[in-house]
Each structure stands twice: as structure tokens, then as C-alpha cells.
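Feature list (source: Swiss-Prot):
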- 27-34, 75-79, 134-137: GTP binding site (BINDING)
- GLY2: N-myristoyl glycine (LIPID)
Amino acid sequence: MGNGLSDQTSILSNLPSFQSFHIVILGLDCAGKTTVLYRLQFNEFVNTVPTKGFNTEKIKVTLGNSKTVTFHFWDVGGQEKLRPLWKSYTRCTDGIVFVVDSVDVERMEEAKTELHKITRISENQGVPVLIVANKQDLRNSLSLSEIEKLLAMGELSSSTPWHLQPTCAIIGDGLKEGLEKLHDMIIKRRKMLRQQKKKR
């Protein structure tokens, strides 16, 4: 799944291991954002309560090429009253992780609205988005193709690289693979921006 980023290159091999990336975790309330964050940090399930403001953690992740990368995550509350604050956190971000509840069909339209709203902000144009389809372990979860259709992923700006990743945050399935895809997209974008600067 994704829009033209299947030709992942070996840019990763040239990346210094000390590099840090600013990542914002967004999504509706109860989608599993904080569960994703703490599963990545502690590699175990942490029982969480709804986030009233934000959580922030620096997490070192070893990617498939054995390089260790630091992600500075900002997990922002998803309640409706907190969503106007999202744009403050996405300013100058390297990537967005948007978590959706694969079981909650009734709120998928609401998730679509918020996803499209945040990616259309001028400062977020071109920022890579990892859509985390959480709770894929549940029998009544939507398929990836259904989620892609309900979120109208094809209607995102052509300048917005994205990847839809099936996950189960409770046991951690799919999270590392998703981060690797996000990392690839970020590196690809940075390379493109550097090339554009040289042409000026």
C-alpha cells in the first residue's frame, strides 16, 4: 500500500545512526495511539488512559539494516476539543503517524475528515504519513483495502507520501515494519528537498 514509494532505495545505508526524527502520533480518541507509543518504548503492553494533553518519548529503534535511529514521538490526545491543537505539534515535523481503529467502522468517516484536514495544512504539504490500521488481530476488523477506501487515501495530495500498515499495538505486530516504511519516506523526502535546494 502507498503512492509510488515502492522503489525503496538503499539511502538508509548512508544515514548517520545518531540522526533523530520528530514524529507526531495523531488519530481519534480510543484508536490506540498511546498503546502504540508505549509498545514501541517498552516492547510490552502498557494499560493506558485517554490522553488529556500529550505524551512525549524519545525511542531508539533498530531498523532492518541494523542502524539505530532515534524517533522523538509526540502522542497528542484525540478528543474533539484537542484536535485544533494538532497543527501546533505538526509544525516542522518529519512525519505523521495516524492511528485508526480497524474495528470502529462508524467513526471511519470522522477519521477520514481529520486525516485529510491535517495533511492539507500548508506546513504539512509533503510530510510523510504512516497510517496505522490498529486492532487487526480482532476478527471483525476491516481489511486494508476497506480502510484505504473509507479513508479516501487516493484523494490525499499527490505530494503526500503515505503507507497503510496493519498492526496490533497490544502485541506489537506490524509496528516496526511501519516505522521502517515511514523512515524510508522521510529519507526520500529529505533527499528530494536537498536536490530542490541545489537547483535554486
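Heads up, the Cβ atoms here are built off N, Cα and C, so glycines get one too.
Sequence features annotated in Swiss-Prot and their locations in the structure.
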residue	record	Cβ within 10 Å
GLY27	GTP binding site	25
CYS30	GTP binding site	13
LYS33	GTP binding site	27
VAL76	GTP binding site	21
GLN79	GTP binding site	12
GLN136	GTP binding site	20
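Under DSSP, GLN136 (GTP binding site) is assigned to coil, being neither helix nor strand in the three-state scheme.
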